[in-house]
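Chemist: Can you keep this structure in mind? I'll have questions shortly.
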Ligand code: VG1
Ligand code: CO
């Protein structure tokens, strides 16, 4: 078995975005594309000599092939050991759990999360650091730098390995440990939550539907919800991970998880509904006739976390991404703990979690998590909700109503304009940025701009600064709008418009969210003229 050193040239555009490098699958499959990026990662982290890597992905098309290539490259680069999920599968939170439990020198996660899969879909790859979280910006920049200077990569000339059974095998000098993808993750969940209380809930007839959307969470949800907690076998639907996710778009929101959403709003709704995204790190929470916005979910979980054994000692702090509503801040204030506001992307939570400054984190995009791993964790959020429901003995809607009565309600919605012309979207954002200083004091659609800025974050732990993270418009009427461009897409551009308005009049806590936000939506339109500039009548997705 010989190590082959292959001469190569830099490939343009290997710049990681919000969450790793995402490209069309066909781009990733071009000769040398994956190899260049993987070698750039290895070079950027000081080589692999003697190191142990965790490796797995969401099972999408090209996952199997890519794992074999990465294993041969890791061996050729001197790695001592690789821990690989059986059949190359690991959900993103499970990969983070494995990196931490087995103290590996980081890991590679093969996923483009919610982006559609298949040969005509997208593929992605990201490096997670030894703490278990996504590489911070300094590391992703180093990877990008190496990708622009790369001259050669190393790969073992060897046969592919059979990854279908859990065992140890050799790939040349490197030991490959094929592990059950669920075990380490399930062990962790058992420590955090009151499984007995949840078991009793299901035994009492509580009904639930979990839509795994043919992506990676199916095996995890089956093993934990049905296997361990006794939920009936029909609980997890679309449970088999498929290379093309069944042709679907596993983004857990009312549009892309419509069948589940409709079921939960209909006459035959079970007590509880949840859906997960492609790589298992995000979640949508539904009750009978109730949709929980991700921002509210974070706030409710924070307010009730002590009901779960893993959080009984209380929370150290709560962190949310900037576009996430301020509902979580209100909980932090009441608990007397710090609240942090970070840029979009889980990588910004890592330092706060490592430093013990925050225990719970969340994003408006349906990502919630805690210091148990360094990724957002979809099934974790579902289990915490179940734990809270079991202990409070109330429905999702009752829990929401009680929360709003206590704290007031942050009406919230995100409007996505997907696949729009990139130049038009960039110009819209640039023009608005240029007008930020002149907006305060002006009134649009009845709302007065109190302040406007381009969000910049100073990391309180390492002192680094990340600027240009989203345009914020604060209105005097206790409302806010944020505009930013997505950093996970692969074609065109996606403009995200985040809208929120606070309401604490007890008589106005049950409005339709879009109605409650109509003035903010109208103000944004008046300020930006985005519909005509983007040539759209309205957003593709409202969450
Ligand atoms: C989106 C979400 C962001 C999330 C990111 C990765 O990014 O808005 O909150 O962290 O996806 O999540 P963007 O740049 O497209 O807005 V996942 O589940 O795709 O790894
Ligand atoms: Co994801």
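Numbers here mean position along the shown chain, with the first residue as 1.
Glycine residues also receive a Cβ, built from the backbone N, Cα and C atoms like all the rest.
Not measured: the values here are computed from a predicted model.
Annotated domain 'Alpha-D-phosphohexomutase alpha/beta/alpha' per TrEMBL: 14-153, 185-286, 295-407, in sequence order.
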Chemist: Note the mean pLDDT of the domain 'Alpha-D-phosphohexomutase alpha/beta/alpha' (14-153), expressed as a whole number.
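Modeler: Averaging the confidence scores along the domain 'Alpha-D-phosphohexomutase alpha/beta/alpha' (14-153) gives 96.
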Chemist: Just give the helix, strand and coil counts over the domain 'Alpha-D-phosphohexomutase alpha/beta/alpha' (185-286), going by DSSP.
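Modeler: Going by DSSP assignments, the domain 'Alpha-D-phosphohexomutase alpha/beta/alpha' (185-286) contains 39 helix, 16 strand, 47 coil.
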Chemist: Summarise the domain 'Alpha-D-phosphohexomutase alpha/beta/alpha' (14-153) as counts of helix, strand and coil residues per DSSP.
Modeler: 51 helix, 35 strand, 54 coil
